[in-house]
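The following features are taken from Swiss-Prot:
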SIGNAL    1-22  signal peptide
TOPO_DOM  23-576  topological domain 'Extracellular'
DISULFID  C57-C99  disulfide bond
BINDING   S151, A172, S173, T174, Y222, D301, K389  L-glutamate binding site
CARBOHYD  N209  N-linked glycosylation site
DISULFID  C240-C527  disulfide bond
CARBOHYD  N292  N-linked glycosylation site
DISULFID  C361-C373  disulfide bond
DISULFID  C412-C419  disulfide bond
CARBOHYD  N414  N-linked glycosylation site
CARBOHYD  N439  N-linked glycosylation site
DISULFID  C509-C528  disulfide bond
DISULFID  C513-C531  disulfide bond
DISULFID  C534-C546  disulfide bond
DISULFID  C549-C562  disulfide bond
TRANSMEM  577-599  transmembrane segment
TOPO_DOM  600-613  topological domain 'Cytoplasmic'
TRANSMEM  614-634  transmembrane segment
TOPO_DOM  635-645  topological domain 'Extracellular'
TRANSMEM  646-664  transmembrane segment
TOPO_DOM  665-688  topological domain 'Cytoplasmic'
TRANSMEM  689-709  transmembrane segment
TOPO_DOM  710-734  topological domain 'Extracellular'
TRANSMEM  735-756  transmembrane segment
TOPO_DOM  757-769  topological domain 'Cytoplasmic'
TRANSMEM  770-792  transmembrane segment
TOPO_DOM  793-802  topological domain 'Extracellular'
TRANSMEM  803-828  transmembrane segment
TOPO_DOM  829-879  topological domain 'Cytoplasmic'
Amino acid sequence: MKMLTRLQVLTLALFSKGFLLSLGDHNFLRREIKIEGDLVLGGLFPINEKGTGTEECGRINEDRGIQRLEAMLFAIDEINKDDYLLPGVELGVHILDTCSRDTYALEQSLEFVRASLTKVDEAEYMCPDGSYAIQENIPLLIAGVIGGSYSSVSIQVANLLRLFQIPQISYASTSAKLSDKSRYDYFARTVPPDFYQAKAMAEILRFFNWTYVSTVASEGDYGETGIEAFEQEARLRNICIATAEKVGRSNIRKSYDSVIRELLQKPNARVVVLFMRSDDSRELIAAASRANASFTWVASDGWGAQESIIKGSEHVAYGAITLELASQPVRQFDRYFQSLNPYNNHRNPWFRDFWEQKFQCSLQNKRNHRRVCDKHLAIDSSNYEQESKIMFVVNAVYAMAHALHKMQRTLCPNTTKLCDAMRILDGKKLYRDYLLKINFTAPFNPNKDADSIVKFDTFGDGMGRYNVFNFQNVGGKYSYLKVGHWAETLSLDVDSIHWSRNSVPTSQCSDPCAPNEMKNMQPGDVCCWICIPCEPYEYLADEFTCMDCGPGQWPTADLTGCYDLPEDYIRWEDAWVIGPVTIACLGFMCTCMVVTVFIKHNNTPLVKASGRELCYILLFGVGLSYCMTFFFIAKPSPVICALRRLGLGSSFAICYSALLTKTNCIARIFDGVKNGAQRPKFISPSSQVFICLGLILVQIVMVSVWLILEAPGTRRYTLAEKRETVILKCNVKDSSMLISLTYDVILVILCTVYAFKTRKCPENFNEAKFIGFTMYTTCIIWLAFLPIFYVTSSDYRVQTTTMCISVSLSGFVVLGCLFAPKVHIILFQPQKNVVTHRLHLNRFSVSGTGTTYSQSSASTYVPTVCNGREVLDSTTSSL
């Protein structure tokens, strides 16, 4: 009362009295329930639905109106009979109808504060003798109010009641706004605020991966604040709102049809979230039925598990997911309610209208085209189901009673009756010191567990627990089935849920991506995306990112990670091996055969004249070149890689060092002949061997240094264009391997140059020509090999095969051009493998320990020397 001046109070009183008297202008007689008592509790219930057009009130609300009203009367009766709760104190009631409208409810609630106004101002009406004036029609003094139902109603009423410090407990208002104690400091409720329900609904959407949904809310605090809380929870879970619609208070059919048309404009949003009052939900479902629209509805407790909402539109509501506050049915109330009829229930002025509406009959013989109600009609299990919030109505009445009981025990310790201290209640003390601190087990609840405790938190809110229902058709009968619950976390029995199309519906802005695709989110929209395929070598780090597995790895079948690819290398059973190995084996056999022939005929003139020491070195190099095929085909390992690097260059160095020594010897001899010089130095067999070994040693030293600087090993190599294949290779580049042959190339070039210079030697030295043929052919082979080697770098099998065959062909060139003719003479023309005398002029000859140049006559024998030995005549030396 400190907030109102005395003039404001009187004005409010006048307005309230005049306004309440004017209610009859709407052709709707104001009805109420008044039962006197020591303490009186007010009650606000949506006994009638809101009217249409100019009508304030509509049809009787059978479940949320009549049942809840009777639940309060039932609870009052039980408390008045209780010997332990408020013994000696009789509770009365003053129950009013809100007609499901906040403005109408506010008008009605003015009746609750009239008594407070009267009590406050009674001192102004004192008689001259000191007595108080006698007042007629004194309103009942309200200790507290139970209600309202809709949040918009409770907010309007709470704003009024707080001015007069009248505590209020709602049994159904769930708007989050009502938790604001700075504005609603005399309000409490036995139900939780909507943000718990909004969280539960968002978790249901996330559970089914419904990320693109539409919303519809009723105008007013329940719908608007509820959907706002839902949108906040949805954003936290990356759920997008396709379209957000709101139904106004007009209750016109066209507005609901318009909402359905807007919902149909978003075909990908197959799920529609409803935060609507029950009458709005019913009209929206009816509009969907008229439009033959099919959606999956996820509805708040405004829909709950009410049959009246889906009546006549069951096929449209099939598969809906709805939430209802978790509650236990009050079985004692069932017996009480089923015992009522118009003939024994005279305290409820709306009950006769309820009876006529429920049974579609008339209790009076009126000409309204209705049959007269049979006196044997009764409420039973076939036509009655307890409304879901009956328990909360009963708990609200008992909570107020427990608070009054504790206050009475404190203020009136010596009596069970009311004392003077409670004649005029201190609403502030009642609310803060007693009501917010109550803690008792819910009456009529068979389960004595934590869920049955009734108490309020610091904001005056109840505990947040919800049941999840699914609207199903079982055996041709539609009904709600409990399929889960929410209490901080969601629990669902998915197998029990029925869907309109027999499968979980999808509600996403974009179609789900394939298992090998990632989502490319569109700017400014977390729910719409474009599916982009991952590369074959990428895995899905998450649904938005394809990650490269990296060289040598490949994604698993489910693309959740990567595994190491098996190493690929030439195996002995591969078809590619047949050619190189066959050629190498054939070459090695030929080399062994030549060596055998030479050893067997080691002291024959032909073998001696061929420079057998260099021949054996040359044959060793040729044999080693054939062995390289096996090193290149063997599985790479540090040892094999070292042998490849050492053997390839060394085999060529051995061959071409021996050939270079030979061609150099011939060139120096005949350069000396032309210049008239003395016999060249270092043409003896031992000198030639040392020169050859020296040339070979250079290559060995170079390779050894290379092996030290770059230790041999293996590496897993992957081609950019063939990421699915990992090749096991030696840890050297192909270019490095070829660079290591630079020295051999120099030897080849020098051999070729010397072979070219000695191409016109006398016929006794036609071996120089065969060396020339060898070098020319070798150059052609390697000039052809190099481009093939690099062109086939993408296929290691072809590259390795090319390398092996080229090396083997180089060996065959040496065998074919240099040794095949000699072997042919030795084996098939032994008569030519002899020393013969023939006239030759201008030859170096051996004389004692020195070499002299002389002009010989026809009868003089002048042996030709090279490598310190005589050579045969043109018939043999040319070989």
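We number each residue from 1, going along the chain as drawn.
Each residue, glycine too, has its Cβ placed from N, Cα and C.
Mean pLDDT for the topological domain 'Extracellular' (793-802) in this predicted model: 81. Among the residues S151, A172, S173, T174, Y222, D301, K389 said to bind L-glutamate, no two Cα atoms are farther apart than 16 Å. The Cβ of N209 (N-linked glycosylation site) has 12 neighbouring Cβ atoms from other residues within 10 Å, across all protein chains displayed. Among the recorded positions listed (C57, N209, Y222, C531), C57 has its Cα nearest to the Cα of C361 (disulfide bond). Comparing N209 (N-linked glycosylation site) with C527 (disulfide bond), their Cα atoms are 11 Å apart once rounded. Other than the site residues S151, A172, S173, T174, Y222, D301, K389, same-chain residues with C-beta atoms no more than 8 angstroms from the centre of those residues' C-beta atoms, the L-glutamate site, are S149, Y150, S170, S175, V191, D194, G302.
Within the same chain, residues 570, 572, 577, 580-581, 583-585, 587-588, 591-592, 594-595, 598, 607, 640, 643-644, 647-648, 650-655, 657-659, 661-662, 688-689, 692-693, 800, 803-804, 807-808, 810-811, 814-815, 818-819, 867 sit at least 6 positions outside the transmembrane segment (614-634) and bring their C-beta atoms closer than 8 Å to a C-beta of that stretch. Taking only the Cα positions, the spacing between S151 (L-glutamate binding site) and C99 (disulfide bond) is 14 angstrom. N439 (N-linked glycosylation site) and C412 (disulfide bond) are 21 Å apart (CA-CA, integer value). The separation of C99 (disulfide bond) from S173 (L-glutamate binding site), Cα to Cα, is 15 Å. Annotated pair Y222 (L-glutamate binding site) and N439 (N-linked glycosylation site), C-alpha to C-alpha distance, rounded: 27 Å. Among residues of the same chain six or more beyond the topological domain 'Extracellular' (793-802), those with a C-beta under 8 A of the stretch's C-beta atoms are 569-570, 574, 576, 579-580, 632-633, 719, 721-722, 727, 729, 734, 785.
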